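Structure provided below as structure tokens; questions to follow.
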Amino acid sequence: MATSAPGVPSSAAVREESPGSSWKEGAFERPYVAFDPDLLALNEALCAELLAACHVVGVPPASALDEDVESDVAPAPPRPRGAAREASGGRGPGSARGPPADPTAEGLLDTGPFAAASVDTFALDRPCLVCRTIELYKQAYRLSPQWVADYAFLCAKCLGAPHCAASIFVAAFEFVYVMDHHFLRTKKATLVGSFARFALTINDIHRHFFLHCCFRTDGGVPGRHAQKQPRPTPSPGAAKVQYSNYSFLAQSATRALIGTLASGGDDGAGAGAGGGSGTQPSLTTALMNWKDCARLLDCTEGKRGGGDSCCTRAAARNGEFEAAAGALAQGGEPETWAYADLILLLLAGTPAVWESGPRLRAAADARRAAVSESWEAHRGARMRDAAPRFAQFAEPQPQPDLDLGPLMATVLKHGRGRGRTGGECLLCNLLLVRAYWLAMRRLRASVVRYSENNTSLFDCIVPVVDQLEADPEAQPGDGGRFVSLLRAAGPEAIFKHMFCDPMCAITEMEVDPWVLFGHPRADHRDELQLHKAKLACGNEFEGRVCIALRALIYTFKTYQVFVPKPTALATFVREAGALLRRHSISLLSLEHTLCTYV
């Protein structure tokens, strides 16, 4: 196959329609509404394909790393399947790490080669395959104004959505939907099957729509273009250079965290980020210089005495939405819970969930069955036409590591668990559902108000959840899903999300309910079309918080896995605390969160 860049097929994921299209009849008759849970039911085969794409692929130990793969993640020794839960704290309290794996034992999977191939997506000098796919469609078929409007709607929703596994999965599904909506019937071109052949990966979606945000227009600082006297830049393109430095930090951290999957989540455990063997020198330098990176993308830089910031504006808008939603509580707004079930499907059996139950086990079993079936169904297409970088995983022996679960869909992409928490926050995923966004705000307020005495915030969580469970009127009308998900997360994860973790706190600020939930509905066609046209013509895709806070997040979360030397850790805690205070974000001890949770 001809290539236009090293390892990038010139045809990308563009493919003529297969004889049996998996879209349900009438799937493209409705007007497109981004992040609509009902869309997931229109193509169950695509959902299963994406679930499989969210998994790490293991190969037999004898398989060698493809010579064409260039990566800084060395292949790790094979591990027994199911060992991931025992890494760094185990699946539950008190679990012990087993003896080293016997290379001759049955059932071994080597996930090192796949981790090595996957990290190549996260590099500044590697093309974005989502951008490349769009460009190929543009050259081959031209992009209509209607496509631009739908794509703009998807991009706007991604900017307002939480950075989480559910959002990444939805973005992947809807990117395929938008492309097929406009090109399947007229041009017989489809993206269904592209993830199964590795022409696109879930990491490509994560990078394009969430990590780098290729469509973002504010240079990483919301409102920068609206400033009356914008800060002078030293040279043309300086803003993009500054943003690329952040992107390098975020992508380097992601590469290192993916590297932990090379040995089932245990690689680099205990290694120091300040020179330990668990990280690369480039990452160590980027982490040490995070403050310089953040300073250039900080909306509070140069301001004295705190005051207005991106987060104070976001908090005010959140309050306005909550008040408006309360006033319209009896207005019959339709609520859907498909994303609650999707969250359960993605996170059951992973370190994000620490309390098991029949519903969780059923979700994990359903996911395993769907992934296995989809992997087998696409075996022939994968062997005929796999992307060169992943060619070795198209052979008959490789298979998804069902025990690790869909960790590639998560933001941090590691399987580490500590303090009964995991890298992926279940509660951040819940922010994708309108009723849960509102319920989470009420839940936090109830925890804070529960005791007038000096009872610790942690001790207030379980009684408040108990009260919520006992009062059906106080719950969203979701058949008990919300309370079940809170129980599954556990009090430690709730405590971490609400009061401790800067990633969760900043995600709460990033999620824009006006963008996610405040647009015209599908049955208001004219208003919806006007809304999408304004998004497309305005070309103002601004984030809600400045990228300086994202730089802090990636440094913080990497330091939780690759613990730095004490001096570097103390410096980071001091500088990170100052940045959070300037943005009016109040959290419990960062030292506690760094050392206790993950």
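Each residue, glycine too, has its Cβ placed from N, Cα and C.
Note that the structure is a prediction, hence the values are computed from the model and not measured.
OK, Swiss-Prot features for this one:
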{"type": "BINDING", "residues": "Cys128, Cys131, His208, Cys214", "note": "Zn(2+) 1 binding site"}
{"type": "BINDING", "residues": "Cys310, Cys311, Cys546, His583", "note": "Zn(2+) 3 binding site"}
{"type": "BINDING", "residues": "Cys425, Cys428, His497, Cys504", "note": "Zn(2+) 2 binding site"}
{"type": "REGION", "residues": "1-23", "note": "region 'Disordered'"}
{"type": "REGION", "residues": "66-107", "note": "region 'Disordered'"}
{"type": "REGION", "residues": "128-214", "note": "region 'Zinc finger 1'"}
{"type": "REGION", "residues": "310-583", "note": "region 'Zinc finger 3'"}
{"type": "REGION", "residues": "425-504", "note": "region 'Zinc finger 2'"}
Distance between His583 (Zn(2+) 3 binding site) and His208 (Zn(2+) 1 binding site) at the Cα atoms, whole Å?
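Here the two Cα atoms are 27 Å apart.
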Would you mind giving the whole-number mean pLDDT across the region 'Zinc finger 3' (310-583)?
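Reported value for the region 'Zinc finger 3' (310-583) is a mean pLDDT of 94.
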Using other CB atoms within 10 angstroms as the count, which residue among the binding-site residues Cys214, Cys311 scores least?
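Relative to the other binding-site residues in Cys214, Cys311, Cys214 has the fewest Cβ atoms within 10 Å.
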I need the nearest neighbour of Cys214 (Zn(2+) 1 binding site) among the binding-site residues Cys425, His497, Cys504, Cys546, using C-alpha distances.
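The smallest Cα gap between Cys214 (Zn(2+) 1 binding site) and any of the binding-site residues is with Cys546.
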List the residues in the vicinity of the Zn(2+) 3 site, defined as same-chain residues other than Cys310, Cys311, Cys546, His583 with C-beta within 8 angstroms of the site's C-beta centre.
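These residues sit around the Zn(2+) 3 site: Pro222, Cys299, Thr300, Ser309, Thr312, Arg313, Ala314, Met509, Val545, Ala548, Leu549.
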Considering only the binding-site residues Cys311, Cys425, Cys428, Cys546, which residue has the minimal Cα-Cα separation from His208 (Zn(2+) 1 binding site)?
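Spatially nearest to His208 (Zn(2+) 1 binding site) by Cα position is Cys546.
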Do me a favour and check the Cα-Cα span between His497 (Zn(2+) 2 binding site) and Cys310 (Zn(2+) 3 binding site); whole Å is fine.
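His497 (Zn(2+) 2 binding site) and Cys310 (Zn(2+) 3 binding site) have their Cα atoms 20 Å apart.
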Would you list the other residues of this chain near Zn(2+) 2 - those whose C-beta lies within 8 angstroms of the C-beta centroid of Cys425, Cys428, His497, Cys504 - in sequence order?
Leu426, Leu427, Ala493, Lys496, Asp501, Met503, Thr507, Glu508
Report the DSSP secondary-structure composition of the region 'Zinc finger 2' (425-504) as helix, strand and coil residue counts.
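Summed over the region 'Zinc finger 2' (425-504), the classes give 60 helix, 0 strand, 20 coil.
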For His583 (Zn(2+) 3 binding site), name the DSSP secondary structure in the helix/strand/coil scheme.
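Going by the DSSP assignment, His583 (Zn(2+) 3 binding site) belongs to neither helix nor strand, so it counts as coil.
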For Cys425, Cys504, Cys546, listed as binding-site residues, tell me which one has the smallest number of other Cβ atoms within 10 Å.
Cys504
If one looks at the chain holding Cys128 (Zn(2+) 1 binding site), which residues at least 6 apart in sequence have a CB under 8 angstroms from its CB?
Asp204, Arg207, His208, His212, Cys214
Taking Cys131, Cys310, Cys428 as the binding-site residues to compare, which has the smallest set of other Cβ atoms within 10 Å?
Cys131
Starting from the Cβ centroid of Cys128, Cys131, His208, Cys214, the recorded Zn(2+) 1 site, name every other residue in that chain with its Cβ within 8 Å, sequence order please.
Leu129, Val130, Arg132, Ile134, Asp204, Arg207, His212, Phe215
Can you break down the region 'Zinc finger 1' (128-214) into helix, strand and coil residue counts using DSSP?
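Residue counts for the region 'Zinc finger 1' (128-214) by secondary structure: 62 helix, 2 strand, 23 coil.
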